[in-house]
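Working notes, structure below.
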Amino acid sequence: PGEPGRQGMKGDAGEPGLPGRTGTPGLPGPPGPMGPPGDRGFTGKDGAMGPRGPPGPPGTPGSPGVAGPSGKPGKPGDHGRPGQSGLKGEKGDRGDIASQNMMRAVARQVCEQLISGQMSRFNQMLNQIPNDYHSNRNQPGPPGPPGPPGAAGARGEPGPGGAPGFPGRPGVQGPPGERGLPGEKGERGIGSQGPRGPPGPPGPQGESRTGPPGSTGSRGPPGPPGRPGNSGIRGPPGPPGYCDSSQCASIPYNGQGYPEPYVPEGGAYLPDREPFIVPVEPERTAEYEDDYGADEPEQQHPDHRRWRRALRPGPGQ
């Protein structure tokens, strides 16, 4: 047989076939995760005042107040009625003149002492009398003797209410009350559309998930055959090779080998025909790699899938 011809030039790409039918849409994906809570809304208007609750329990009595200042001393009592005159004594014997003068001096001294004692007591009582018009003393005088208990006075008028006491301690929380009867269903209210709220914050970035592949579309009509390529560069002839089974008999198999070469009964095996020379594809040059894929439409397949597409078996292979 003659030498294999040169590899022809790559033919022009055929026209693209008609697009297949659109596959059925895939099943809807699962619902996405729940978004973050929105901002807090505006505070609503205050409701109507509720009914007045029952009065609470009375608070603990307040602490006793501070003792007030001591009052002014009372006015002196009225002078008592003069007592009855005593009985007249018997007339004594007439004494000597010297003794009479001595008795007079003693009597005068006793009278002066009595009068001075009464005057000092009277002055002391006068000093205790308050005098709002001519009193210049800032310090109260000494307390006077206790007067006789007076008669019970009339019942006084009720005094003004005292100042409010300090707030008592909060009471212990009572047990929860029984559940009330269900109220009647109110009439249906007529609501009006409120103002539009501010836009919420942007949600988290969604995850792109590949859906299930759609059904395969119908096969388009085959394109016109490409033009025949030019003959390629002639490759170097390969060495003729064949396998002699007698040379493989001495190779150990599972740890065991033949002690001497194996010779079949019919003699050594020789091939009936000449060895078939397998053509070897020459290495691609830089110009061939630059021109590869130039005649194909752009963006038909991603760059990382171009060689994968070339490795797929074509129709009829």
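Each residue, glycine too, has its Cβ placed from N, Cα and C.
Feature list (source: Swiss-Prot):
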- 1-97: region 'Triple-helical region (COL2) with 1 imperfection' (REGION)
- 1-99: region 'Disordered' (REGION)
- 16-25: compositional bias 'Low complexity' (COMPBIAS)
- 63-73: compositional bias 'Low complexity' (COMPBIAS)
- 130-317: region 'Disordered' (REGION)
- 141-243: region 'Triple-helical region (COL1) with 2 imperfections' (REGION)
- Pro143: 4-hydroxyproline (MOD_RES)
- Pro146: 4-hydroxyproline (MOD_RES)
- Pro149: 4-hydroxyproline (MOD_RES)
- Pro164: 4-hydroxyproline (MOD_RES)
- Pro167: 4-hydroxyproline (MOD_RES)
- Pro170: 4-hydroxyproline (MOD_RES)
- Pro182: 4-hydroxyproline (MOD_RES)
- Pro199: 4-hydroxyproline (MOD_RES)
- Pro202: 4-hydroxyproline (MOD_RES)
- 205-219: compositional bias 'Low complexity' (COMPBIAS)
- Pro213: 4-hydroxyproline (MOD_RES)
- Pro222: 4-hydroxyproline (MOD_RES)
- Pro225: 4-hydroxyproline (MOD_RES)
- 288-297: compositional bias 'Acidic residues' (COMPBIAS)
Next item on the list: Around the Cβ of Pro202 (4-hydroxyproline), how many other Cβ atoms lie within 10 Å? Please give the count over every shown protein chain.
Entry: 7
Next item on the list: Write out the long-range same-chain contacts of Pro225 (4-hydroxyproline), meaning residues 6 or more apart in sequence whose Cβ is under 8 Å from its Cβ.
Entry: Gly14
Notebook entry, point to check: Given the modified residues Pro167, Pro182, Pro199, Pro202, Pro222, which lie within 10 A of Pro146 (4-hydroxyproline) by CA-CA distance?
Noted result: none
Next item on the list: For the compositional bias 'Low complexity' (16-25), give the DSSP counts of helix residues, strand residues and coil residues.
Entry: 0 helix, 0 strand, 10 coil
Notebook entry, point to check: Relative to the Cα of Pro213 (4-hydroxyproline), which of the modified residues Pro164, Pro167, Pro170, Pro199, Pro222 has the closest Cα?
Noted result: Pro222
Check: Between Pro202 (4-hydroxyproline) and Pro222 (4-hydroxyproline), how far is it from one CA atom to the other, in Å?
Finding: 50
Item checked: Pro182 (4-hydroxyproline) and Pro199 (4-hydroxyproline), distance between Cα atoms, whole Å -> 39
Notebook entry, point to check: For Pro164 (4-hydroxyproline) and Pro182 (4-hydroxyproline), what Cα-Cα distance in Å is obtained after rounding to a whole number?
Noted result: 41
Notebook entry, point to check: Tell me which residues of the chain lie with their Cβ under 8 angstroms from that of Pro149 (4-hydroxyproline), as long as they are six or more apart in sequence?
Noted result: none
Margin query: What are the sequence-distant neighbours of Pro167 (4-hydroxyproline), meaning same chain, six or more residues apart, C-beta distance under 8 angstroms?
Written below: Gly59
